[in-house]
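A.B. asks: Okay, handing you the structure first.
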Amino acid sequence: MTIAIGQNQERGLFDLIDDWLKKDRFVFIGWSGLLLFPTAYLAAGGWMTGTTFVTSWYTHGLASSYLEGCNFLTAAVSTPANSMGHSLLLLWGPEAQGDFTRWCQIGGLWAFIALHGAFGLIGFCLRQFEIARLVGIRPYNAIAFSGPIAVFVSVFLLYPLGQASWFFAPSFGVAAIFRFLLFLQGFHNWTLNPFHMMGVAGILGGALLCAIHGATVENTLFEDGDAANTFRAFTPTQSEETYSMVTANRFWSQIFGVAFSNKRWLHFFMLFVPVTGLWTSAIGIVGLALNLRAYDFVSQELRAAEDPEFETFYTKNILLNEGIRAWMAAQDQPHENFVFPEEVLPRGNAL
């Protein structure tokens, strides 16, 4: 028998808090939870409050709440008024001066949701890092989640920071996001931007890879269970392989002539494609924030202007973009009092 002689290690307040935060419970808290739960709760609560009660009349000249007759698709928490610039719009700041009603009217809820939402997403990413470390696995889930964080921060924070004010960010609502997409197309020709193309390829490519992978696994399952359905056919602690990688490799080698040789390369590729797509699209949005242009084929525009019989899909799209700008600006920015005479509005074969 071995007897260890020594003193108990002194445990401070930090150790006690650490033990409590990492205690095994139904919903893990952890140190990341101190950031995640309050910010996510406040962001979600702010959005539900805004879409239910708060008007956008004072910022956009629009009705945007359930109280005013909107539905789930048309309700939104709209961006602050253009005159607010890039103010954080703190409730106790010089704009609202502690008046909650006025704070809602000038768009304070949008800034509240955007900032708390960003920190909530970061907290969720840190949560995945923390749990991965405790469980003893690699942190690739957290690395993958950096993609959505990059998109959110670039679209809702960095883009309006590069523009005149928070007004030009997307409002938090379904139809409001669609309006923002039309704005990006009309004012930035976003669909022809190579970073947008890479983003689309990444997201749709990731969906395709996911569908192919799921179907292939289902096709090559080992039938070593006698249960009634797939979900009960295997035990959680089984030591055997669930599906045949060799059979899957043979199948796709016959289909395409090439196939993934091992599971590591296959699953890394499934991680790499969509995350890279998200990051490239986020980089593209930062470029739009700086008003950078991409793929302006001026020679085609000049020839189309000189030759009425020459038109390409590109020149047609440019004409459509001009229409979006001319007709959208007056509606989208009523505070500017834009007036476009009929003779300056674009006209062409497509309009």
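Here the Cβ of each residue, glycine as well, is placed from N, Cα and C on the backbone.
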A.B. asks: Tell me which of 18-38, 39-59, 102-122 corresponds to the transmembrane segment entry in Swiss-Prot.
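C.D. replies: Of the candidate stretches, Swiss-Prot labels 39-59 as transmembrane segment.
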A.B. asks: Labelled transmembrane segment by Swiss-Prot, one stretch among 185-205, 206-226, 311-331. Can you tell me which?
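C.D. replies: Comparing 185-205, 206-226, 311-331 with Swiss-Prot, transmembrane segment matches 206-226.
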A.B. asks: From the ranges 123-139, 242-258, pick the one that Swiss-Prot records as transmembrane segment.
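C.D. replies: Matching range for transmembrane segment: 123-139.
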A.B. asks: Under Swiss-Prot, which of the candidate ranges 260-276, 277-293 is annotated transmembrane segment?
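C.D. replies: Here Swiss-Prot associates transmembrane segment with the stretch 277-293.
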A.B. asks: Within 10 Å of the Cβ of Gln128 (pheophytin a binding site), how many other Cβ atoms can you find? Include all protein chains, please.
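C.D. replies: Excluding its own Cβ, the number within 10 Å is 17.
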A.B. asks: For the transmembrane segment (277-293), what are the same-chain contacts with Cβ under 8 Å, counting residues 6+ beyond its ends?
C.D. replies: 146-148, 150-151, 153-155, 158-163, 184, 188-190, 193-196, 198-203, 205-206
A.B. asks: Express the distance between the Cα positions of His267 (Fe cation binding site) and Phe260 (plastoquinone binding site) as a whole number of Å.
C.D. replies: 10
A.B. asks: From the Cα of His116 (chlorophyll a ChlzD2 binding site) across to the Cα of His213 (Fe cation binding site), what is the distance in angstrom?
C.D. replies: 36
A.B. asks: Quick one: of the binding-site residues His116, Gln128, Asn141, Phe260, which has its CA closest to the CA of His196 (chlorophyll a PD2 binding site)?
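C.D. replies: Closest recorded candidate to His196 (chlorophyll a PD2 binding site) by Cα: Asn141.
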